[in-house]
Structures are given as C-alpha cells and as structure tokens.
C-alpha cells in the first residue's frame, strides 16, 4: 500500500489525463501480479517522464538488461578473437625462426674444434644460449598468453616468468660487456694469455650467478608481480621496494660505462693503425702485411661486438628503461605521496614487440660478419665434407688403405712453404720422376756441355724427387732445363750430333793416323764451324 501511495503521489505531480491513464495501466499491471523486474522498468519510465520527457517519446524507448545485448558482445568477442589469432601467428613465426637460428649458432661453434678455440666464439654461444632461454621461458609463454586471451597459469609461474626476464636482460648486458673487455685486453696485452677457454667459462658462470642473485627476489612474496595484458608477460607490480630497481640501475650503468671505455680504446687503436707507414727495409714488408691483416681481422670482430651492443641498446633498452621508470614511480615509498602511473597500452605493446626481435637480430649479425661461422653452418646444414675429396684412381675393392675409396697416393699436392711452392709427389711415382729428371738433365748437358756441372753432381741432383728440391724456380739447374724446353718448344733441332750409346765423346784435334779414317766431318759449336776427324771407337772415352 505504501508503494501504491507513493506511485499515486508521483502521478499527481505529473498531472493531467495522461497521468490518470498511466495510473490505471499500472494498477492493472499490479493486479495481474507481474514480476518485480517489469515493475522496476515501469517506474524508471515514469521517473524519466517526470524529468521533462513526454510519455509519447518514452514509449519508443525500450530498456533492456546488459545480458540481453547478445549481438554487441558477440561482435566484440569476434573482433578480439581475430586480433588474437593474427598476433599468435606472427609471434609463433618469430619464436620458431629465432629458436632455430640460435640453436644452429650454438651447434656450429661447438661442433668445430677450430671455432671452439676462439674465446670470442664461446661468448657468442653464451649469447645464443641466453636467447634460447628467453625464447622458451619468455616468448613462448607470451604466445600462450595471447592465444588464450588471458593469463591462465598459476601465480608461481607468473613470478618465474618475471624473474627469467630480469635474469636474461642483465646477463645479456654483462655478456656483451665481457666481449668488449676481452677484445680490449687481448689487443693491448697480447703477450698475456688473460682470456683462456677455462677462464672464459669461469667468468661466464660467475656472471650467471650474479644475474641469478638479482632475479631471486622476484620469486619471493616481498616483490609483487602481476600479468600485463598489453605486454603479454608478467612484470613487477606497484608497491615494490624502491631499492630493488635502484640497485639494478647501478649495475646496468656500470656495465655500459665499462663497455664504452673498451670500445673507445679499440677504436682509437684502429685509428692509430691507419697512420702507420711502410717499413724502410723491403724485407720487412711481409711481416708488416701479416701484422696489418691480423689487426684488421681483430678489429672486425671488435666492431661485431659493438654492433651487438648497439642492437641491444636500441631494441631491448627501451623496454628496460620503461620497466625501471614504472618500478620507481610506482614503488611503495613514492605511492604514499602520489597516485600510481599507468603506461599507455599502445606504447607498452610496441616496446614489448620490439624486445622480441633481439633473439632474431643477434644471430643474423654474427652470421653476416663471421664468414668462418657461416661456412661451417653451410657444411653442417648441407652435410658437406670439411675437406675436399682428392681426385685419384678409383678402386672397386678395398686396397691397401682399407677404405675401398680413392687412392690418394696417386695425387700430387702443391704445398706452400717458407721456401716457396713445393710439389709433393706420390710415393710410387718417385722412380718415374727420377728417370724423367735424368733424361732432362742429360739433354740439357748435351746442349751446353761447357756451362753445365759434372756428371756426378747431375746424377746426385737428378736422384732427388722434384718435390724435395729447395726451389726449382730459381736454381741454375732448372734455368738451364727451362731454356732447353724453350728450344724444343720452338721446334729448333739440336746442332750437336746425337750419339746413340750412353757415353760421353771426346774429339781429338790431332792429325789422323793411318788406322783412322781420313774422312772429316764438320759441325758448328758456339756459332763457329770446326773441322774434326770422324769419330771412331778408339776415340770414345768417359769424362770424369
């Protein structure tokens, strides 16, 4: 009755016949015992009419509950699902490609003994391993977050995700700092083996320990964390202690300062090398060229480390700076005097996507600069042999070598030594080579008998294989043989009569005896014609 009296009073305030009609309708509705929901709707309509709207206009408006707006909610869910699908596909491709590139980089370096011996390449493995950890514990979790639309993991996994991000960021910066220090110390103190493989591994383990110590506090309840929908990750929430981000800022600043000092020293040394002049003595040119090439290769790797540092600062740096700013601004000590700061959603999403690109960019930079790593990667992926197969005689069955393949003993090898290029002959071909040397030396001696050494020296020289001679290009023996080959190349017949028997002939200029034939023969020797008696068996003698 009280509700009816109140309703009657409100209708009287409105006044008029329209008010009485409404009252009659409401009484009929009340008599029909409608639900309380319909009564509330009618009461709301009458209150709106009291505010100045006519009943005719209000009769065209329908008031429904939010649960009844199915179409609007369906459209919103459809648009959100389409966006999540596109984001999941792009993030999945980025995760897959980045994981494969970093895994191949580690496999390429660790599978080669030559690459493992380089200290800087071991530090590259450290960077690749950190990228893999970031991909599995960070980017892959973000992919699941995006695909599901919300964080469906536990609170403990959220803390672990935030701790892994903190660990990876600090360890990456420390690893790049150690690379810069290694380049600088090895260049200026080359005589001191400071960075050996054992010391490098110990240094990396120490850096991992320091980064872990800074990540452990996030796993405790003292630092609040929460999932950020715009970042697709978990991060430190408001009301955290202000000392925690300040300590991290000091560590990051120290690493950047040390890296800048090392890079400045390396670049100054490179500029000094450009101003060096050539040595005065020509015999020092070879040593000068070797040192210059070694220094250029060393500085090329130093520039590679600089490129990695620049990529880290430009790609991951904005996200780290934003996190530090939010943690300090929303810390427990500052929130006592101000309201919490909210990061714009677009900026948060863009910077987070930019951070995901670094595991893809880092191995690509290494592949583009280090040609030896790239060649080894091609051999590893394409299953190529590290050494070329020698072309020799094929044996269908297993020979003496036991492998049933190519007989490498039939292959001549050109070897570069300090004395020049040397030709190494097969073992079974040494006899044939000695015979060939004897024939060539004998022909050369017949052409120039007065300028050639004695037969004993010739035989001793001819008995050596060609590959063991000190330097065939400059020896007088080879020079005479070359002149003889040029004569035969031009098809010039020899002007000295040939003797079939393998003996040396001595011609006597004495008068012929009665026993000797009086027939004379003439030949040219050194451009002059000489008359000599005919050769007989009694005039043949060996030359000592």
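All residue numbers here begin at 1 and follow the chain in the order shown.
Note: Cβ is positioned from N, Cα and C throughout, glycine not excepted.
Segment annotation: TrEMBL labels transmembrane segment over residues 201-223 (candidates 40-62, 63-85, 201-223).
Segment annotation: TrEMBL labels transmembrane segment over residues 301-326 (candidates 275-300, 301-326). In TrEMBL, the feature transmembrane segment is placed on 356-375, out of the ranges 336-355, 356-375, 376-395. Outside the transmembrane segment (89-111) by six or more residues, the chain places 121-122, 124-125, 128-129, 131-132, 135-136, 139-140, 142-143, 146, 232, 356-357, 359-360, 362-364, 366-367, 373, 376-377, 380-381 with a CB less than 8 A from a CB of the stretch. Contact between the transmembrane segment (356-375) and the transmembrane segment (118-147) is supported by 3 or more Cβ pairs under 8 Å, counting only residues 6 or more apart in sequence.
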